[in-house]
Amino acid sequence: MTSFGAVFKAVNRLKFRQMNLLIVLELLAIVVTTIWTAIRGEYSNMTVFTTAMGWSTVPAFVGVILIAIRHEKVYTADSYRLIPVEETKFYTINLLSSLANIVYLAVVQLGIYIISMLFGWQELASMAKDMTTPTHIESGWLLMGLSIIVLVLVLNMVFWSTISFVHLVTSSASTFLPKFRQGVLNIIVYAIVVFLTLRVSGLIGNGVSWISQTMFNNGGSFDWVGQLWITIFVMIVVILIEGAINVLCLKRWVETDAN
């Protein structure tokens with residue numbers, strides 16, 4: 001059987017390349033936008049930081065989608081499925097590979113933020129002095145940050161796991177259907193994936209709004225961190241259940257495509 005590291009490198013190669021291309025395009029966009037702002041005579045110490053913040057949403061959204069597409073292609077590609085590895089291990093490695101790439105993208109974004117902040121450090125420091133933060137947030141900022149990071153990572157895993165669930169269950173069902181009905185089934189799948197994408201985006205937005213309101217309006221009386229970790233635990237259970245079904249589909253019914 002192929003080792004964990006060898007399989008991880010195989011399924012990770014194209015994902016990592018896509019993330020690097022996305023980062024390069026983002027950096028080019030920041031540089032071009034900053035130069036254009038300077039040409040128009042509107043450059044200030046905060047320009048680089050605000051430009052970086054503005055462009056950061058694009059790779060964050062596109063990166064998740066690109067990884068999701070690559071994540072699913074791995075399950076039906078001959079070059080991956082013919083690797084001598086047990087299906088559960090293969091499925092887990094692919095999911096961890098996707099997670100590693102989104103973490104890599106997030107770390108690079110953090111680096112871009114830090115570098116861009118240096119250009120406007122005096123202005124940002126002055127703004128920070130004028131801001132007031134509730135005492136209960138100041139005392140628990142580390143736990144708050146950790147909880148939110150874990151929530152975002154688990155949300156991404158739920159997103160990929162659910163898309164895999166829809167994809168693999170549909171692929172399994174299509175093996176028992178005539179060709180015409182397979183086409184109808186594919187249309188239904190695309191509609192479901194679009195719905196899930198919009199739904200997850202909405203959940204993230206609502207979650208951020210809820211966290212902000214709870215932290216600033218309820219003081220220390222509400223155990224929002226505990227509620228957050230309960231939500232994370234429920235999502236992990238969903239990932240495990242979907243994962244078990246996905247592995248079963250890979251073992252029994254999902255066929256590969258020549259590539």
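Note that Cβ sites are derived from N, Cα and C of the backbone, with glycine treated the same way.
Automated prediction, rather than curation, is the source of TrEMBL annotations.
Bear in mind that the values here come from a model prediction, so they are computed numbers and not experimental data.
Beyond its flanks by at least six residues, the transmembrane segment (21-39) meets 47-48, 51-52, 54-56, 58-59, 62-63, 66, 105, 108, 112, 116 of its own chain at Cβ-Cβ distances under 8 Å. Annotation comment: TrEMBL describes 21-39 (among others) as transmembrane segment.
Sequence annotations record features per position, and here TrEMBL assigns transmembrane segment to 45-69 (among others). Within its own chain, the transmembrane segment (45-69) has Cβ neighbours under 8 Å at 15, 18-19, 22-23, 25-26, 29-30, 33-34, 37-38, 98, 101-102, 105, 109, 112-113, 116-117, 119-120, 122-124, 156, 159-160, 163, 197, counting only residues six or more beyond its boundaries.
Per TrEMBL, the feature transmembrane segment maps to 90-121 (among others). If you look at the transmembrane segment (90-121), the same-chain residues 6 or more away from its ends with a CB under 8 A from one of its CBs are 4, 7-8, 11-12, 15-16, 19, 22-23, 26-27, 30, 44-49, 51-53, 56, 59-60, 63-64, 67-68, 70-71, 74-75, 80-81, 83, 153, 156-157, 160-161, 243, 246-247, 250.
Here TrEMBL flags 141-166 (among others) as transmembrane segment.
The annotation transmembrane segment is assigned in TrEMBL to 187-208 (among others).
Cβ atoms under 8 Å from those of the transmembrane segment (228-250) belong to residues 75, 87-88, 90-92, 95, 147-148, 150-151, 154-155, 157-158, 161-162, 164-165, 168-169, 171-172, 211 of the same chain, restricted to positions at least 6 beyond its ends. Annotated transmembrane segment per TrEMBL: 228-250 (among others), in sequence order.
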